Amino acid sequence: METKLPPASTPTSPSSPGLSPVPPPDKVDGFSRRSLRRARPRRSHSSSQFRYQSNQQELTPLPLLKDVPASELHELLSRKLAQCGVMFDFLDCVADLKGKEVKRAALNELVECVGSTRGVLIEPVYPDIIRMISVNIFRTLPPSENPEFDPEEDEPNLEPSFGRDPRHGERTSLTPRQLDEGHRLVYEFFLRFLESPDFQPSVAKRYVDQKFVLMLLELFDSEDPREREYLKTILHRVYGKFLGLRAYIRKQCNHIFLRFIYEFEHFNGVAELLEILGSIINGFALPLKTEHKQFLVRVLIPLHSVKSLSVFHAQLAYCVVQFLEKDATLTEHVIRGLLKYWPKTCTQKEVMFLGEMEEILDVIEPSQFVKIQEPLFKQVARCVSSPHFQVAERALYFWNNEYILSLIEDNCHTVLPAVFGTLYQVSKEHWNQTIVSLIYNVLKTFMEMNGKLFDELTASYKLEKQQEQQKAQERQELWQGLEELRLRRLQGTQGAKEAPLQRLTPQVATSGGQS
Amino acid sequence: MAGASGLGTGPGAAGGDGDDSLYPIAVLIDELRNEDVQLRLNSIKKLSTIALALGVERTRSELLPFLTDTIYDEDEVLLALAEQLGNFTGLVGGPDFAHCLLPPLENLATVEETVVRDKAVESLRQISQEHTPVALEAYFVPLVKRLASGDWFTSRTSACSLFSVCYPRASNAVKAEIRQQFRSLCSDDTPMVRRAAASKLGEFAKVLELDSVKSEIVPLFTNLASDEQDSVRLLAVEACVSIAQLLSQDDLETLVMPTLRQAVEDKSWRVRYMVADKFSELQKAMGPKITLNDLIPAFQNLLKDCEAEVRAAAAHKVKELGENLPIEDRETIIMNQILPYIKELVSDTNPHVKSALASVIMGLSTILGKENTIEHLLPLFLAQLKDECPEVRLNIISNLDCVNEVIGIRQLSQSLLPAIVELAEDAKWRVRLAIIEYMPLLAGQLGVEFFDEKLNSLCMAWLVDHVYAIREAATNNLMKLVQKFGTEWAQNTIVPKVLVMANDPNYLHRMTTLFCINALSEACGQEITTKQMLPIVLKMAGDQVANVRFNVAKSLQKIGPILDTNALQGEVKPVLQKLGQDEDMDVKYFAQEAISVLALA
């Protein structure tokens with residue numbers, strides 16, 4: 001299978017501060033197997049991109065850039081750019097062979113030229129370049145082939161899987177949506193253009209405007225990871241070079257995330273956007289602006305609640321930790337936020353949360369730890385008592401972390417009582433022997449840490465259990481009493497014919513009918 | 001807890017009865033604050049009980065302020081709270097005090113979580129109706145204004161849903177303000193807010209005066225329909241339906257159509273999909289003239305759209321489109337303007353498009369009449385019955401009744417049979433299940449002879465399918481067939497074959513015999529049950545597989561009521577008693593259950 005072609009820096013390595021520098025062209029490949037792919041029969045052209053092809057013009061090869069005198073270079077460049085603005089369906093390997101070849105050659109040459117020749121990028125070619133790029137890459141992304149796409153289970157849409165027979169309707173659409181070669185070259189060109197030593201943001205900003213950025217961001221929803229990889233690097237460069245667009249880019253990213261969290265749980269490029277943001281956060285000046293703090297609290301933290309968290313969790317956790325390293329006073333907010341969104345049924349996510357929590361605890365300041373230790377360790381205790389042993393195990397690993405252990409020790413008068421009851425109980429009840437023995441180790445550590453406190457807690461454990469039962473009983477009595485009182489009041493008011501309360505018979509009260 | 005105990009110490013404001021001392025509010029609030037989420041949730045769900053126990057005055061003066069202040073909780077708790085408060089008017093003293101509920105709901109309408117916010121808005125909409133016009137302007141409208149100018153997008157999105165409920169009863173000056181605020185939300189900086197506004201545009205238009213619709217709503221509609229985000233533009237299509245219903249034909253042409261034409265051609269397939277999806281509503285709202293001039297050509301484009309999603313949505317609407325056309329023209333329009341495109345779609349490359357079309361195409365036969373159906377539609381049906389995608393074939397078969405009314409099913413029967421046989425043997429059990437479900441319908445339409453000749457063997461083959469769901473469906477199918485064809489037919493064709501399976505070496509097949517008897521006995525009546533079925537069941541009581549034996553007990557319980565006393569006492573009872581002593585505990589259990597249900601003890 002040739003489906004996995006992870007580009008140079010995979011999304012699983014967000015720890016690199018900022019984006020890794022764009023690799024030299026010979027390594028950016030990931031497309032070497034094109035020939036194989038094109039060999040397969042394919043009915044394409046249903047991509048929205050190719051709607052406007054009515055009168056296809058013939059392309060004639062132009063002389064090579066290096067063959068003309070400098071005086072004619074720019075005129076030829078413009079003509080080549082115009083040629084590259086003609087759209088072909090690169091997936092359809094039969095049509096317009098000649099035209100495609102001309103365009104491909106021109107693009108290759110442009111990539112080469114922008115990357116290596118100095119003095120090519122003069123002001124008049126900027127609009128032509130941006131126009132050519134816009135025409136080629138901006139398009140409405142086609143519908144997802146598989147609406148129930150599960151990023152963890154399914155292959156991304158690079159290719160139709162061999163094993164499936166499309167006639168049985170398992171794939172919902174006919175065309176594999178992928179980055180064709182035309183695209184790749186244009187992205188490559190765009191990148192070289194942005195990275196050229198001659199590139200002048202002050203000139204380019206007239207053409208790379210907010211609308212341009214917005215369309216660029218929309219492309220992050222592409223199903224093809226290679227396209228998103230290019231976009232990631234490009235957007236990062238744009239962010240770096242166009243100071244005037246920075247706030248706008250951040251705002252639009254927020255909108256994408258918020259929509260993703262609250263409206264439409266589908267956006268393919270979340271991990272890539274987070275990776276860019278991770279490097280942006282890294283560069284925030286101190287003290288942090290309110291806008292940035294708000295981004296953390298109102299966007300990054302709620303992002304944890306999304307179903308497909310596993311796809312971008314590494315990048316997200318990196319962003320969160322970046323924030324905390326910048327400003328430790330945000331710790332309480334973050335941890336309380338995570339506790340609020342703590343997964344209730346998805347054990348896989350719970351393990352991720354525990355992992356992130358450990359990353360946070362690794363950098364936490366003792367003064368901040370004190371503020372959240374109690375709710376945090378109550379949650380950790382709940383995880384330890386999870387019947388899913390991986391969750392329990394992950395939580396218990398906290399005690400293997402020396403820094404965390406030292407924090408616990410310093411605050412054992414709060415932490416121990418918060419977890420003791422649960423640990424004690426689980427040590428007797430858990431089905432998994434590994435968990436039981438891990439808990440014993442933890443209890444042993446506690447004993448060594450503070451033997452006196454440990455003994456007190458052991459002694460009071462039974463008493464507390466009894467008190468709990470008693471409380472539960474009292475609660476039940478309270479509600480019973482309330483229910484009786486409610487009924488009495490209902491009868492009383494009905495007897496007294498007090499109109500407003502009459503509509504509170506159970507049916508009316510729940511159906512909410514108007515009186 | 002300091003705050004709570006402070007509240008609790010106050011003298012019982014409700015006065016009157018002495019119950020108050022029993023339940024100081026602190027205790028109740030303690031419950032609402034319990035550390036365990038589940039307990040908090042339980043308490044919130046019984047909030048009306050608490051309120052009733054407290055009485056209206058203390059609910060207003062103590063409970064509501066508490067609820068307003070401690071709004072930071074798990075979303076699940078907040079959701080329950082938002083729902084409760086919608087029905088709280090009576091508990092705070094009736095409509096005169098409904099505005100007391102606004103502060104907590106206002107807070108809830110600004111939280112992040114969408115479900116909580118939506119529920120709070122729903123409750124606010126409900127409560128708005130209980131406000132007097134004066135209270136509405138004094139309390140409710142200011143709340144809407146506050147939400148509409150909130151900092152974070154959540155409160156502004158919530159506001160979008162509240163304009164339409166307070167507008168009709170507001171004074172003219174306030175109305176102008178409300179319109180102004182809605183306008184500004186339609187061009188909000190945040191796409192989330194614009195989407196919320198766009199989705200409420202139609203609803204808001206309906207409560208406005210016609211002049212305002214023309215002068216204010218239409219420009220908003222035009223703007224939203226050309227928003228930079230397609231997620232906003234597509235919502236404008238929905239609003240288009242509501243707005244169109246309010247305007248005259250001439251106004252539609254000048255005010256709405258230019259925008260709608262643009263939507264049909266939108267570069268985003270999502271917008272075009274929306275037009276296809278809402279096509280019937282649009283057609284009705286726009287009226288016949290615009291339909292002919294504009295919508296039909298638009299529909300043709302949608303049917304040949306480059307995205308399969310759009311074509312499928314349009315194909316789904318083919319039948320409704322026909323039904324909504326004026327009766328006198330519809331045959332011609334469909335024949336000349338739609339049918340050519342449908343013919344193309346029958347061989348579309350995308351299975352979803354074909355199956356969408358197959359689910360409605362049969363409906364066209366009633367519109368086109370017998371001759372056209374035979375000449376033009378029948379070849380299409382036949383082609384679809386041979387389609388490579390089982391969904392397509394299934395959709396055709398499931399709609400056979402439409403054609404039956406027009407041309408009779410016989411025209412199709414020759415092609416039908418291979419299609420049915422193939423589906424009956426499809427590798428996917430869900431496909432087999434689906435075709436079984438249409439068997440009674442087909443049997444009715446094809447008649448008993450055709451059925452016996454061609455389909456009976458299929459029905460029997462399903463009884464030994466290796467998937468239980470198929471065997472179960474096949475059993476039910478037999479019952480329906482007997483209801484259709486009568487007991488004599490059952491006795492001759494079905495029952496013997498079923499009973500033979502009682503000797504099958506596979507215990508699953510032997511159990512199927514029992515399940516069939518359970519299903520058939522009632523339809524077959526006492527005689528057949530007693531004479532033919534009962535002996536077999538009784539014989540199976542000696543089966544060596546316990547599952548068969550306890551199913552015998554179950555079957556006897558099931559058919560017992562149909563039998564007469566002699567059979568029950570003389571034949572059933574001894575067998576059940578014997579099973580009651582079985583070594584297997586399940587067999588014992590079901591035998592004893594049968595004995596007690598049939599009163600044979």
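The backbone N, Cα and C atoms fix where each Cβ goes, glycine too.
Pulled from TrEMBL:
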type	residues	note
DOMAIN	B:245-476	domain 'TOG'
REPEAT	B:24-62	repeat 'HEAT'
REPEAT	B:101-139	repeat 'HEAT'
REPEAT	B:178-216	repeat 'HEAT'
REPEAT	B:217-255	repeat 'HEAT'
REPEAT	B:256-294	repeat 'HEAT'
REPEAT	B:295-332	repeat 'HEAT'
REPEAT	B:338-376	repeat 'HEAT'
REPEAT	B:377-415	repeat 'HEAT'
REPEAT	B:416-454	repeat 'HEAT'
REPEAT	B:494-532	repeat 'HEAT'
REPEAT	B:533-571	repeat 'HEAT'
REPEAT	B:572-601	repeat 'HEAT'
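For the repeat 'HEAT' (B:256-294), the model's pLDDT averages out at 90. Tertiary proximity for the repeat 'HEAT' (B:101-139) is limited to same-chain residues at least six positions away from its ends with a CB under 8 Å from its CB atoms, namely 64, 67-68, 71, 75, 78-79, 81-83, 85-89, 92, 95, 146-147, 150, 152, 154-155, 157-158, 161-162, 165-166, 169-171, 174. Residue counts for the repeat 'HEAT' (B:217-255) under DSSP (helix as H, G, I; strand as E, B; rest coil) come to 33 helix, 0 strand, 6 coil. Residues 495, 499, 502, 507, 510-511, 513-515, 517-518, 520-522, 524-526, 578-579, 582, 584, 586-587, 589-591, 593-594, 597-598, 600 of the same chain lie 6+ residues outside the repeat 'HEAT' (B:533-571) yet bring a C-beta within less than 8 angstroms of a C-beta in it. Tertiary proximity for the repeat 'HEAT' (B:295-332) is limited to same-chain residues at least six positions away from its ends with a CB under 8 Å from its CB atoms, namely 261, 264-265, 269, 272-273, 275-277, 279-280, 282-284, 286, 288, 338, 341-342, 344-345, 348-350, 352-353, 356-357, 359-361, 363-364, 367-369, 372. DSSP labels the residues of the repeat 'HEAT' (B:256-294) in these numbers: 34 helix, 0 strand, 5 coil. Look at the repeat 'HEAT' (B:178-216): DSSP puts its residues at 33 helix, 0 strand, 6 coil.
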